[in-house]
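Undergrad: Dropping the structure in here first, questions after.
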């Protein structure tokens, strides 16, 4: 699996240490193992997880501004766990409402010795952001409108919303609440993944 991961990283132009690669592989192995009992992801094949979960998460790392992030609706830690491995200087709060997912995240934190994540079981709309976050990240979480409605209290004054999407959601972008604007749209290159991937970066309008 290490050779497969190294090849994917090379194709994506991403440079990681051997320790980071081993952490990512350990996470995939845990996800594969726990998935049998906990049904954490529909992806069953570990090699497919490397593409659809690991690479699909870490390609957004260069676009994240700040040091404190919250991954809302993280599920089994996507994209938060892979991002925490490739951005060890940043801190990631991993938020999910299901206890079984958070139990898995805590086990990952323990086994991989990740001191820059905080798994939390909570609904996003009632979670207090103290202090506010630099970035709110979502992957397959909700529409842009719902994301902004549920997460509006989470970022600080200069914070950003980072929404990982497949095809560019032009209808969702067109119907954004007037309090927000799209700062940038990045077309992502994920080696081995068919279909389009986009990162939509949104910021509050300052009147």
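Yeah, the Cβs are placed from backbone N, Cα and C, and that goes for glycine too.
What Swiss-Prot records for 73, 78, 124, 125, 139 is S-adenosyl-L-methionine binding site, and it gives sequence analysis as the kind of evidence.
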Undergrad: Can you name the residues of this chain that are 6 or more positions from residue 73 (S-adenosyl-L-methionine binding site) yet have a C-beta less than 8 Å from its C-beta?
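TA: Counting only residues 6 or more apart in sequence, the Cβ neighbours of residue 73 (S-adenosyl-L-methionine binding site) under 8 Å are 95, 96, 124, 138, 139, 140, 141, 142.
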Undergrad: Any same-chain residues 6+ apart from residue 125 (S-adenosyl-L-methionine binding site) with CB under 8 Å of its CB? Would you list them in sequence order, or say none?
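TA: Once residues fewer than 6 apart are set aside, residue 125 (S-adenosyl-L-methionine binding site) is near 150.
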Undergrad: So of 78, 124, which of the binding-site residues has the fewest other Cβ atoms within 10 Å around its own Cβ?
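TA: If we count Cβ atoms within 10 Å for the binding-site residues 78, 124, the smallest count is at 124.
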